[in-house]
Every structure is written in C-alpha cells, then in structure tokens.
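What Swiss-Prot says about this one:
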BINDING   Leu834, Pro835, His836, Gly837, Ser838, Gly839, Leu840, Gly841, Thr842, Ser843, Ser844, Ile845  ATP binding site
Amino acid sequence: MEQPKGVDWTVIILTCQYKDSVQVFQRELEVRQKREQIPAGTLLLAVEDPEKRVGSGGATLNALLVAAEHLSARAGFTVVTSDVLHSAWILILHMGRDFPFDDCGRAFTCLPVENPEAPVEALVCNLDCLLDIMTYRLGPGSPPGVWVCSTDMLLSVPANPGISWDSFRGARVIALPGSPAYAQNHGVYLTDPQGLVLDIYYQGTEAEIQRCVRPDGRVPLVSGVVFFSVETAERLLATHVSPPLDACTYLGLDSGARPVQLSLFFDILHCMAENVTREDFLVGRPPELGQGDADVAGYLQSARAQLWRELRDQPLTMAYVSSGSYSYMTSSASEFLLSLTLPGAPGAQIVHSQVEEQQLLAAGSSVVSCLLEGPVQLGPGSVLQHCHLQGPIHIGAGCLVTGLDTAHSKALHGRELRDLVLQGHHTRLHGSPGHAFTLVGRLDSWERQGAGTYLNVPWSEFFKRTGVRAWDLWDPETLPAEYCLPSARLFPVLHPSRELGPQDLLWMLDHQEDGGEALRAWRASWRLSWEQLQPCLDRAATLASRRDLFFRQALHKARHVLEARQDLSLRPLIWAAVREGCPGPLLATLDQVAAGAGDPGVAARALACVADVLGCMAEGRGGLRSGPAANPEWMRPFSYLECGDLAAGVEALAQERDKWLSRPALLVRAARHYEGAGQILIRQAVMSAQHFVSTEQVELPGPGQWVVAECPARVDFSGGWSDTPPLAYELGGAVLGLAVRVDGRRPIGARARRIPEPELWLAVGPRQDEMTVKIVCRCLADLRDYCQPHAPGALLKAAFICAGIVHVHSELQLSEQLLRTFGGGFELHTWSELPHGSGLGTSSILAGTALAALQRAAGRVVGTEALIHAVLHLEQVLTTGGGWQDQVGGLMPGIKVGRSRAQLPLKVEVEEVTVPEGFVQKLNDHLLLVYTGKTRLARNLLQDVLRSWYARLPAVVQNAHSLVRQTEECAEGFRQGSLPLLGQCLTSYWEQKKLMAPGCEPLTVRRMMDVLAPHVHGQSLAGAGGGGFLYLLTKEPQQKEALEAVLAKTEGLGNYSIHLVEVDTQGLSLKLLGTEASTCCPFP
C-alpha cells in the first residue's frame, strides 16, 4: 500500500542534554533519512541543550534559534533573519531527561512493533513512531511553522485526525483523551466550546480537572505536541536577544549569561491561555522547576514578564483527537512493562528476533531484537530486548532484561529471575570503554525518599540480607529520610582484578552462604550510583551494539527464510544492510546458503538475493538491472554450476564478484551475472520435466515422406505467470487456457521428412516461400548456436538436439551420426501465421509441433502430455526459459486447466473442463481477438517478474496465490456457462497481470480498452501483455463489424485489426503425406 503524502520537512531538530551524544543522535537521524523515513532534502540537526536543566521551553527557544541560523546561512544571509521561517516546516523533537530503562532515553526505546510495509527493515523506536505520527498524521495540512514534539510519551493517533487549519493563527496544542484519574498526575487543558485554551493545569485539583471534562467523560491531556504559526515563532525567536531569555540559548551561554529554566507548556504557552492574568502568571512556577530560592524566582519572573510582552496577544487553540491515546513514559518499571506487553495476548510478541525454542516464551511476554539459543524461558509480562543469550535460562514473570550478550548468559544459569530489571550498559570511564550492569526491582521507586525499597524489599531488609551498609551507598552525613535509589552507589563499574558481570549484582538476591566473598568483591569495586552512571554511558557504543545484534539476528532470519522456503521478502533486510554500510556479512551468509543448499530452488533464490544486494549497492545508478550475462570473466563459475558442482560454482562466483564492487556500473553487471547463474539452476530444475518424456518406437516413414503437425493458438483465461519456473514448482501453478483457431485457421505448424543427404535442412517462416529463412547444417559447428534464441533457426536446432536425433557434444561428425542412425539427414520447416510477439503462445506451440513432426519422421511417437514436458526441456536448452501454459493451451484441445505442484521433478497435469451443451458455440459468437499493432517484449517482463518473485515482494506473492485461486473460480464459470462471470474473471485477470508485470499495458492499448469497455463483459491482453493480441468477451454476439466501427472513430490507435476466434476441439494434429520435392531446395 502506498504511503500517503506526508510533510516535506525543511528542518528536523533533535535536542539532547549531553554534548558527547550530539554526533551519535545526528547519525541516527541520518540513518532514518537513508531509510526514507525522512525526506531526502530535509536538513537534520542534533542540538545540545545549552544547559542540562534548561527546561523544555529553553530547549525549544535554543532549537528554534539554531534552525533559523542554518536556514539563514543556507539562504545566503550573514545574520539570523526570521524571514526564512515563512516557507519552512520545522519539527523540533525533544529527547528530554534520562530514562531508567533505556540508556539512549525514551526516544530510542524500542517498541515491540514491526512495519511490514517499510522499504527498509529496522527496529522501531518511539522516535520512529512519533516521526510517523508527525509526518503523516498530525502534520499534513498545517501551514508553514514550527512543530514541537516531546519524545517522553507513547502516542496513538488515527490516520486522519480531522484537524482544520482554516483561519488559523497563533499556536495550537494537540490534546489526547485521558481519564480524570490519570489527569491527576499530568497536565490538562481547559477550553471554551470553540477550542480556545482558557487555562492549563498540572496535577490540578479535583475541581480544576472536573471543569475540563468533555461530554465523553474524558479530559484533554497535555500530549507534548504543539504547533507555532510563523508569526508566533517569530515572536518567540525575537526573545533570544533580550535578557534573561537570552540565557536559554547557546549564544547567551557563550556570552556568560546566567542560565534560566523555562517550561514549554507552563511558561511559554501558559501566558497565551485566555483566562490567565498577568499577576498570576508572573508569580507562578513551572512544575519542572520545583521549589527554589527567592533569587531564582525573581529571575524567572523577569523571564516570564518578557514572554508576556511578546506572546500574550497570540491566540492559543486546541485540537482534540478523540480517538487517539496518550501514555507518559514514567519511571515505574511496572507501567513500562505493561506498555511493552499485551497481557491478554494468546502468545508472545517476537519482533526482529530469532528464538530457537519459542514454546518456552509465555503468553503476554515480549522479545525485541534478540538471539535466543537453547532453552530460554520467559515468564508472562516480561520483556527481553537487545540480548544474545544461550540457555538454559529461566526469566520469570515481571522482568525487564536488556543489553546482555552470550558472555553474560552463564551468570543467569541455575537461577530464576522474578520482578527484576537487569540491564547491561556500555560505559566510557576516563576515555576507556567498559561494561557495567544495573539491577533493580520492578516495584522499586526511583522518586521516593526515605521509606523506599531496593530489589522489591525495604532498605532495612536489604541491608540485613546482604551485609551491605548505608555508608556503602551514601555519604555518612546522608540522613535515612534522604535515602533514595538514584543516588545509591550500588553498581560496580570497575574491579581491580577481573571483568565485571551480572553476577556482581545477582548475589544480592539471596542470603549469603559464601562467607562474604561476594560482598567483599562488591566493596572492592569502584561503584557508581544511577545518577553518576548517566554521564558515563557510551551511547554511541550502545547504539552500535544494538545495530550489530540486529544484523546478527537478521542473518539468522535470512538463512532460515531461504532454507525453510518461506514466502517472506528479504528485500527490506537487504536495503537495511546496504544503507547502513554492512552488506559483506549478508553476502557471505547468502553464499553459504547457496553453496549448502540441497535444492536448486533454494540455491537459485539465494543467488537472486545476492543479485539484489549488488543492485541495491548500485543505488539506482549503473544502468538497468536486466541485461546480458555472458561476460567471459564469469564463464568459469557458470561452468561449475552447469556441471552440477554448486559449492565450487558459488565460491567462484564470490571470487569474481569481489572484482566488480568498485562502481555502480560494475555492480549492476555483476547483478545480471548472478541472475544468469540463477537461470542455470532454474534450467536444471526444469530439466527434471524430462522424467515425463517418453517415446514409442513406430515404423520409420519412407525417405521424402512428409510428416505434418498443425496446432491452434492458445488464449489464457486465468492463472498465467503461475506456470513460469520457478513459480511453477515453488508455488505450484494453475492456468486455464483455450485452444483457438484465428479466422478459422490453425495458425501454427511444422513438417519434417528424411532426406538422403546427411545434413539438416531448416526453413523458418510463413508457408509463403519468399519469406522463408533457409539454413543448412553440414557439421556440428553449424549447430553450436542452438542456445542463442535470436540466432537463425535456433529453435529448430534445439529441437533436433532435444529429440535425440543429434548429439552436439559427440565425437562423431554430424554426417556420421545421421548416416549411422537414419541413413541420411532431415528437412524441417516451421511456420506461424501470427505476428511476432502475439501473446498467443506461438514459440512454445511451434516448438511442440516441431518436436512432434521430427520425432514421427524419426520413427517415434510422443504422447501429447509427454510433448508438453519435452517443450519445457527444449525451452531450457534454448535458454529462453518460459512456462508450460502455452504448449498446454495449444497442443491440448478445447478448454482445460493445466496444473503443476509445488515440487520437483516438475510435472504438468491437464484436466479438460466440461461445459454445458451449446456453450462452445455461444463462446465462439462472443469471443474476439484484436491485434493491437504493438509487439510484446516479454523477455524483460519475465526477468522483472522472476526478480520480484525471488524477492518475495508481498504484493507479488499475494497476487501469485490469487492467480492460482482464481483459475479454479474461472473453471467454475465455464462449467456454469456464464459469460458475465467469465468477463469478471478476465477483468480481474488483467489487473493481476499488471500487478505481476508493471509496464505491460501500453498507453494506446489502455485507450483501446477504454473505448471497448462498454461493449464487453471483460478483456485482457494475451500472454504476458505489453502488446500483441487483446481478447474480448463481448456482451452481444457477432460484434466484429460493430467493434471495427467503434475503433475506427478513435484516433491514435495505430495499426490494429479485429479477428474472429473459435475454440479448437482438435489440438495437435499429425499427418503423414506422400513424398514430394523439397519446397525450399536447392539450399544454398
């Protein structure tokens, strides 16, 4: 499904509080731009807050200044000018404060969500969800201006929230519904019936909250999202040059101004609320400031006075999204676990993870970006993220475990965790990288002082159980009433003699029976509190290790998808590997799968995936993906594949590939050769159809006696493409086809006879001699181009080889072979009265007639079903590929369904469709062919379809299943004798063909179909489309002249013609005629 049009952001800014994280988060924004989550032209900026406690308002003002500076510079100005805001859509995202459950903050907390329609596979963070909401849901339709969005909440917004921007000015807040009880700990808006904001309450009284209740019984919560019009943004930007608000920006800080802390909602926006008076506003304090000294209050009052002067006359309105939802990400582990799990779910959520024993994951648990090897048991309501674990491990209910690797698994063996939060952290202490671990209880409070808990028990009980003392954790002067979890020096970060692991904290869960050894080791370690640990976290290493683990599990997934033959697309994963700069490990994995595959289908798909990786690495440059694949440099690996040595072939391909990686043009050519290698394996799979080719020896016709084979054309009514290898044996194919005469004639034929000369005389073309191409093969060298489809007579040469008359690699000369077995040579003519690229199956049916005539001339009879498989074999020898529907349609009489199962060897079975009496004549009266005048170019269409199938693009896989399913429905339409039902089948069949091969409907054909639409039940181009014949089921009988008149009135249709068509009930016919002189001799 196509993504709706979103906001084309001019600038996206991500604010963060740590200077050393700016570059890290800048890269994260750039990665998202490469993934196409952010428009290519958007300016991306990660901006450090000028001071750690600058507040959401100060961070907004600083970010707005930085955006204006960059846009001013880009526009060629030498000073900041607010004019640049007039045509800009700016998005400011605030990272906010530290989060106890993710080292990279609430923005980069991973959610148990997968986006199956994303072009690039990736973990979904809260930031990604908010970007999507802002770009595609809240942002569209807004005028130029500045959107500001916190990242400390989980939001859900419907696809069309119904926000009107008519006559908008000022600022607009987005509110989402919540219960009055939830609002007691949050912000809530009071508005008038028109949506004008009257006041904003934070942790309001019951009476205040009741005033905000809407008719639905809910209250509009402060959601953390606000929009400033250009005018309001200019007013806000103007404050950055005046004290004390200049201290909110990096310019003020660089000038030595004293920092000031401002709230976006309770300072900047609050002054715009209608009911707020100047006096109340000036003495108020934002909730994030807390209680402080009078000096701070006076400084803040001055800042608020300035905001009042600039912004008071700007209207503040609210957009209430009644069907959305809002959840603030608190420091409660219980609430966090609840937000990441589905308590009533029937099973576990497994996202971007590979789990060997899924049955050990309890319902209502969640696993994100993990590799779990062996027995890893996970209890209900528990969450595993970014872990590579090796069992046996038992994680009970109510746990959060993140950031552990295989080296840490041993510490968890033989122990059950319950109601705990265990995290591994990347650190950088005095410039040296390291690992630290934190362990807390699910029920522990990060805010409570004094009567708090640790590991879910009161501090006193913890001290008693472990031997830890208060002075181990806090300074001696700290009073018991001041004990709190964030300041407790609990967590070892460095041990004097060994590496640290989870065991350095897990000992605290039990009464000690080791004589105090663990306690002594803990005391001997350098320990930090959670607050002290935050500035030491290495966020670059954290994100790098998450990315590494994501790709490690992705390689396991790729291997499993290929080896288990799953219909999952690896294209998004391929794009991820290429765009994040690590295609090498993926290529190595694909090589391993291809080399070790016992199934040519699995190996061919793996090679097609390699071709996809190379194509993606070219990034749209270097030419078209479809093209020649016969460069001499690649012949050595191809030769290994041809002789069945898959492992050597794959290795040789990889060695050659390494020489073609330096620039896009070479990458594209290498991709073509990998597709060529895949074709070799497809060919070997299809060759298995030879199992079902058998001949019966009969009397040899006399020298000079002609054997004539004639065939109708075929029209496909449903299921085409499903017969094409590899779909035919990977998905299983089903095609309904009709054998048809065109203008009363059977247009395809061949004749063969023995001649005394030990040579092969070949003639190709219509029966009229002046158009015939004549070829004489006197030696084996004359046959060597049998596998080059465009070489003159290639199909006829391949027919001699496939019929076993000539052995092209024999040491015997051609004349010796012919004299020894047949006492002379052969003459073979083939003809078709249909134009090239007709779409009526000409070449495959021609191959069938040529084989039938040749075999009979050589004293053998081939059954029609055997002949169907023989043509499959011949077309692989000829290297044109192709499916089985054409020969089934033309060689077998009447109306029938051909089917092949999802297995090798490839076998085609044919079922005749019985229709009501008189229906064939009725069909003849309503069926017409229109030659469009356009030649179909099926070769590139075929390559594109195979590429899409091997990539298992979801739309193509779904469509392929629909093709097979509809064939059975179409057969039912014939059994009922219902023309309207068959017309519906044709119409939907044409839509399916277009989905399978985009580009198969030329504009002139579309115009012709539009003109004919009112007169027909249904219509479709024959075969793969792109040109050739259009067939129609007319509403009225015998409409040839009427439709000729309709088309004659339409300009620009080109050289078209309308033809009568009737169902042929004979199929392939074979006759022996008398002897006569050759019509094409003397040969040159």
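Sequential numbering from 1, following the chain as shown.
Quick reminder: no glycine exception, Cβ is built from N, Cα and C everywhere.
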Inset, instruction - Indicate whether Thr842 (ATP binding site) is helix, strand or coil by DSSP. - result: helix
Inset, instruction - Mind giving me a neighbour count for Ser838 (ATP binding site)? Other Cβ atoms within 10 Å of its Cβ, every protein chain shown. - result: 24
Inset, instruction - Kindly assign His836 (ATP binding site) to one of the three DSSP-derived states: helix, strand or coil. - result: coil
Inset, instruction - Give the residue from the binding-site residues Leu834, Leu840 that has the most other Cβ atoms within 10 Å of its Cβ, counting over every protein chain displayed. - result: Leu840
Legend entry - Neighbour tally for Thr842 (ATP binding site), based on other Cβ positions within 10 Å of its Cβ: 24
Inset, instruction - Count, for each of the binding-site residues His836, Ser844, the other C-beta atoms lying within 10 angstroms of its own C-beta, and report the residue with the smallest count. - result: His836
